[in-house]
Amino acid sequence: MVAIKRLATVDADFKAQMDALLAFEAAQDEGIERTVIGILADVKARGDAAVVEYSNKFDRLTASSMADLELSKAEMQKALDGLPADQRQALEAAAHRVRVYHEKQRMEGWSYTEADGTMLGQMITPLDRVGLYVPGGKAAYPSSVLMNAIPAKVAGVKELIMVVPTPGGEHNQLVLAAACLAGVDRVFTIGGAQAVGALAYGTEAVPQVDKIVGPGNAYVACAKRRVFGIVGIDMIAGPSEILVVADGSSDPDWVAMDLFSQAEHDELAQSILICTDAAYIDRVQASIEKLLPTMPRREVIETSLTNRGALILVRDLEEACAIANRVAPEHLELSLADPDPWVAKIHHAGAIFIGHYTSESLGDYCAGPNHVLPTSGSARFSSPLGVYDFQKRTSLIKVSKAGAQTLGKIASTLAHGEGLPAHAKSAEFRLEN
């Protein structure tokens, strides 16, 4: 029997139990940190030569130059053309839905003119160049290519450079096909901290980017943290999370499988059920026991559920929503008979999946909204990846001669108050009297 925690809000120590359940902090491995610092410094100093050397070492390659580590657009197109029909159709359908959704996020500029002729506004411009990191090998995720690349292209990013390691020289054709569909401009078959360094600093072959997005292992995450400030980054993602709020009206097998869908990612993933019905919680646990033996990744799922999962009994749905807001999960399912009135009660979640038929996996692949979501409670202050992450806002100020008289006096007074006389004079020189 899976030893998943059973909690109840009526328990005297419920708060302490919740604190323990949610206590997760990504470990900082000093060995990884030292390795990454060394690799980044080497790439910054030696450029292509360092990238080739590390790629050969870590990915078991025999590249002699960066020319051996760049794929052409023809190779991306070949990967797309070579897909089985069902895979190509699914990839194209997902790409279309992701593009349609994200086109609605595009920010537009605005301005207004005051009575004295002064114009104020905001201009929206895309980033010039973005780097997309994609994990390599057999476990590569083409859906991540679509979710990261399409919003960038919708935003108007001029050049999108993808880096993807190819251990043993193995190319994932689905990933390359997704890159082709999403409009990726260049692909380098490099990975790890050396790829992050190449994107952040630029080398002879790899242009420096303005922002790096995409998931990666501990070395990649560490490297992204280290180069932040030189370039922008999307986020440092923690383990996957799902929280299901249920009232007992949905098939318990569905809920159990939804919990599995995140637990199968890795042992640190977190799957939580919050329910108003104790008997239904029992049925979900029975479904877990029944379905787990059928899962190829059952050991990972069981470890995840045992270490970080929970089945929580609450008094009512108001209490369920309050707990959900405290958790601020990456994925939140409202598995309720009448879910719509409860959506407004949720203030903190990466994405909300509403109703019995909205499985979290649809959001992962093809519903349309982005699957790059805030984790580890950061949905309290963060948002999903979107077009706005690839656009910048620039303030516009055009002061008329009349406006300079009014604003100049205000600015002069405030500047003198702050002890900045040159600021004051800059405004005063434009005053008529």
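Any Cβ shown, glycine's included, is placed from N, Cα and C.
These figures come from a predicted structure and were not determined experimentally.
Just one of ASP210, ASP338, ASP364 is listed by Swiss-Prot for the same Zn(2+) site as GLN262, HIS265, HIS423, and that one is ASP364. Of the residues SER240, SER304, SER395, Swiss-Prot puts just one in the substrate site with GLN262, HIS265, HIS331, ASP364, GLU418, HIS423: SER240. Classification of TYR133 (NAD(+) binding site) by DSSP places it within a strand. Across the residues annotated as binding substrate (SER240, GLN262, HIS265, HIS331, ASP364, GLU418, HIS423), the two Cα atoms farthest apart lie 56 Å from each other. In the structure shown, the C-beta of GLN194 has more C-beta neighbours within 10 angstroms than that of any other entry among the binding-site residues GLN194, SER240.
Spatial neighbours are here defined as Cα atoms within 10 angstroms of one another, and by that definition the neighbours of SER240 (substrate binding site) among the recorded positions TYR133, GLN194, ASN217, GLU330 are GLU330.
GLN194 (NAD(+) binding site) and GLU330 (active site, proton acceptor) are 29 Å apart (CA-CA, integer value). The Cβ of ASP364 (substrate binding site) has 20 other Cβ atoms within 10 Å, all protein chains considered. Sorted by the number of other CB atoms within 10 A, the binding-site residues HIS265, HIS423 start with HIS423, the lowest.
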